[in-house]
Amino acid sequence: MASTLPIPDINVIAPSFIQRDSQNSDNMKPPPTDFNHPYTPYPIQTAFMQTLYSVLDRTVAVSPPTTTNSTNNTAPSATFSSTAATLIPSNPSTSPSTPPLINPTTAPTVHLADRATEPSLSVTPRTTTSKDKDKGPSSSSSVPKGHAQIALFESPTGTGKSLSLICGSLTWLRNHKRLQFDSEIEKIQQQMEASGEPEWMVESAIKRKREELAQKYEEMERTLERIRQKEREMEKEGEEGQARGGKRRKLDRGKGDEEKGGKKKESGGSRGLTASDEDKEFLIGDWRDEGGLDENDPMGQLSKETRELLEKVGMGTAGGKKEANEGPVAEEEIKIFYTSRTHSQLTQFIQELRRPEFPASVPTPNPQEKPAKEIVKQIPLSSRQKLCINPTVNKLGTLAAINERCQSLQQPKTPKDQRCPYLPNAANLKATHEFRDTALATLPDIEDLYQTGKQLQICPYYASRAAIPGAEVITLPYPLLLQKSAREALGIRLEGNIVIIDEAHNIMDAVSNVHAAEIKYTDLKRAKLSLGMYYQRFHQKLTGENKVMVAQLQRVVEALGVYLKTKLDKAALGLKADQEGIVLDTSLLLKTGGADQINLYKLIRYVQESKLAFKIEGYISYCEEEGRDTDDEEAETEIKARQGRPPVLHTLCSFLTALTNLSSEGRIFYEKIPPPRGELQDMKLSYMLLSPTHAFSSIAESARAVILAGGTMSPFEDYKAHLFPDVPPEKITTLSCGHVIPPDNLCVWTLGSIAPNPKVDTGIGEDCFDFTFAKRSNPNMINRLGLVLLNLCSVVPDGVVAFFPSYGYLEEVIGVWKTHEQAMGPKTIWERLESKKALFIDSKTESSEQTLQKYSDVIHSEVRPLSPAGSRVKGAMLLSVIGGKMSEGINFSDRLGRCVVVVGMPYPNPHSPEWLARREYLEANFIKRYTASQQTSTATAPLPAPVIPPPSNTTHYSTNPSSSRNKDKHKPANVRKLAARDSHQFYENATLRAVNQSIGRAIRHQNDYAAIVLIDNRFEKEHVRAKLPGWIREGWDETQRQAKEDGKALKGLQGMMGRVNMFFRGKN
């Protein structure tokens, strides 16, 4: 029987969840109890950090209690099977299907995987030839087996999630480094003792080795400390403005850049050109010259001298030379790659990273000395759009244009005096090293990095790579991590490293979005005109092969344009099938002019390597600035109309790239789109990734651990089924934390009808709230909804935020409320609401920042504002949209969000082509995997879960196909039914995640309080509530318990108002 190692009691009794094999206890160490947290952590934070530590350390662990509300804090007994290397709970039948929950007053429940086996991380790269490039990617659809340990963490906002991630992961990393150090010393000691050397020689050798290992570390720390001291002195003297903890610097990237950077010759100017100069600037050269790009070499566009220098200073690709790197910070060790959705979230994370202090990676030579502290070495990575300091390049605006221009300035054929002066070179090598050391010494964010680059006159985008080998934490936005090509361009290798994805509730959509592409008919018209103008000017000077390739691109543009024009003409006739749909046969897209015979892989490679898009866009821009006349009236119109629009050929190239990467996981759609004011109707083609599985597999297969964390991650099943379908269940850990607020700070109510016992009519109770797509437009129900909000506004102080399924439906609801109904009295619902609170609407067309500011000003105003009728109102109500601008990234803490109301569930349109295509894919994939699992004695991959919607009286159910009650479900017809249910579950889960994100806008810290009201009869179904965050479910249970004790009605408007009124009375 395994021995139990309990978690220390911190204000609560927490069960043990880490167990060691008594026969091999030396190799199985429990997580520490001290995580260098800047303040005494909550018990849930301790459990979070210990779980994270164990995942990274691959510690063997078991599943503790399966119920979250039990008062019994004793851990269940477990047995360890050394043969199978798995831990078996004493009662496996009670294992929950929903993620475990931790809260401050109940026992933590953790599912930890077996950590006994260390996977192999070796990767054998495939050599790609130029012929391979022209043929395109392999058609193999198999997903590589994942090596990473996987952990899914849910921790509500305000519970210290960021600090828990920081302290848990960096404590493990520093301990890991110290163990490596000790291992080296122990190795020397064993070698010396085995050789029979005298004890004094053994001690001397160990001392020399210890000093040798510590020397490089000490040199680096001294260098970084000198930089930090210099930074402190500069801040004190006011040379850097306000101190680091103060207001962020606002960077002027406009004319000021040109003035501040004026001491260097700016590259890229090309106005007032002669015909000869135009040829040099815009004419395509021989794209197969030695300067041509290798798509597997992200630095292939740079000159030979530049590549050699970047590799020398550690800024080459992952496989580049590093042994020549100067300075003490070149060796690469295990790193933590942290990513989040926005740069502001990354900045907030870096601010949190500055708070804790961690022990040094190398122990002090004298055991009596106080352990040394070591600053965390972090480097933020970003795109050229955020980091470029060359004013002639960053003024281009769009990322594609900036990338093309930057690469163009570094081509081998570009004269040296026209290359970017900020790129690292032999002349500014000292500045490059100073940039690297400054970055590692100061925990910078993106704005700090940009400012440092400007001060040192060195490119932050390239110079930041020099800091990667010495960094412990690398922060970067979603696109740079999720796209394999972006990682390769930055020289990032995930093999053996730790990946932490924060705000991961939308990670599946994020993966799909970074691989999406679209192009409009108007874009194709612009591309055709641009190509025509360019060809007319330069066709006599183009080489034969260049003429062929440009002509091929023209044919492709013409074919795509004809396809969309045909659809647009049919759509004008009112045919519904031609308004939107799926392109079932993609060969039809290029049918015109024989474009379907063109090798698109080769054409795209040509466009990328020849810089054709940049040269054409540059020439059109030049004609615009010069006011040059053309013989083509349409071309003149194109020149005038292109201002402020993204470069069309970059858009085209992105779409063609998606077109060549078609697989079973992607589809092409066409859709008629509403035109901007004053313009003609338009039609677009779009590529959508139906599943993120294959695109995400390159991360899951290589990292040491992949951590998905968020405030509202529930339900968890989809992450397992669609991101990690081939990862064994024992390698996946899930943890759901409760909130830090006391139970009486939260009131949760589900309102399915306005009456306690709704009357029943034909299919729907006449008092029920049914916001399904087919029934939500019922004006009587919309008015009943208005009455509910009117009652809430009467008792809720300060701010009320109501979320609706869509902007369109919000407009519809407001329209009904503004319509006078005789039965509702002399005033409309809208007028009555205005008499209670100031009303604000989240609109697609208005700035969310301005709306939020006005809403906040009213709530915090000392003088109660006047309503349109002249009466004084108390507080304000904001009408917003689930998944809209106000539902994510904005905090309605304290008075701004005393009540959050969710109206309906934002299911997508069930008849949209995108939904139909994804449903078809999910069901086909389910059947394929289900069939494969039945054809072998052991399933080749875990089935997506959940499979069958649970019964109404339970949240836990079995998906075991061998169950006697499911004998007939292997029949094809029944399997199809299971597949349909599975696809429905996917969309229900996605819908609930969006709802959960909106709910999470309230309750932002320990002392905050709010009421949460969910209005729709579907919220009263237990299997729907089971997909809400654990702390919301517990809040609902507590509210129901209190209502019973008070003897109030348990359902309907009366029951809700009684409970909500009582809740806020207790807060006054």
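Just so you know, glycine gets a Cβ as well, placed from its N, Cα and C.
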Query - Listed range which Swiss-Prot flags as motif 'DEAH box', given the options 218-221, 502-505, 538-541, 710-713 - result: 502-505
Query raised in the report: Under 8 Å Cβ-Cβ from Cys406 ([4Fe-4S] cluster binding site), six or more apart in the same chain: what's there?
Result: Arg384, Cys388, Asn390, Val393, Cys420, Tyr461
Query raised in the report: With every protein chain in view, how many other Cβ atoms are within 10 Å of the Cβ of Gly158 (ATP binding site)?
Result: 19
Report summary line: Nearest by Cα to Cys459 ([4Fe-4S] cluster binding site), of the binding-site residues Ser155, Thr159, Gly160, Lys161, Ser162, is Ser162
Query raised in the report: Which of the listed binding-site residues (Thr157, Thr159) has the least company, meaning the fewest other Cβ atoms within 10 Å of its Cβ?
Result: Thr157
Query raised in the report: For the binding-site residues Ser155, Ser162, which one has its C-beta crowded by the most other C-beta atoms within 10 angstroms?
Result: Ser155
Requested in this report: Determine the Cβ neighbour count for Cys459 ([4Fe-4S] cluster binding site): the number of other Cβ atoms within 10 Å of its Cβ.
Outcome: 24
Query raised in the report: Within 10 Å of the Cβ of Pro156 (ATP binding site), how many other Cβ atoms are there?
Result: 26
Query raised in the report: Including all protein chains shown, what's the count of other C-beta atoms within 10 A of the C-beta of Lys161 (ATP binding site)?
Result: 22
Report task. May I have the list of same-chain residues other than Ser155, Pro156, Thr157, Gly158, Thr159, Gly160, Lys161, Ser162 whose Cβ is within 8 Å of the Cβ centroid of the recorded ATP site, in sequence order? Result -> Ser164, Gly711, Cys737, Val740
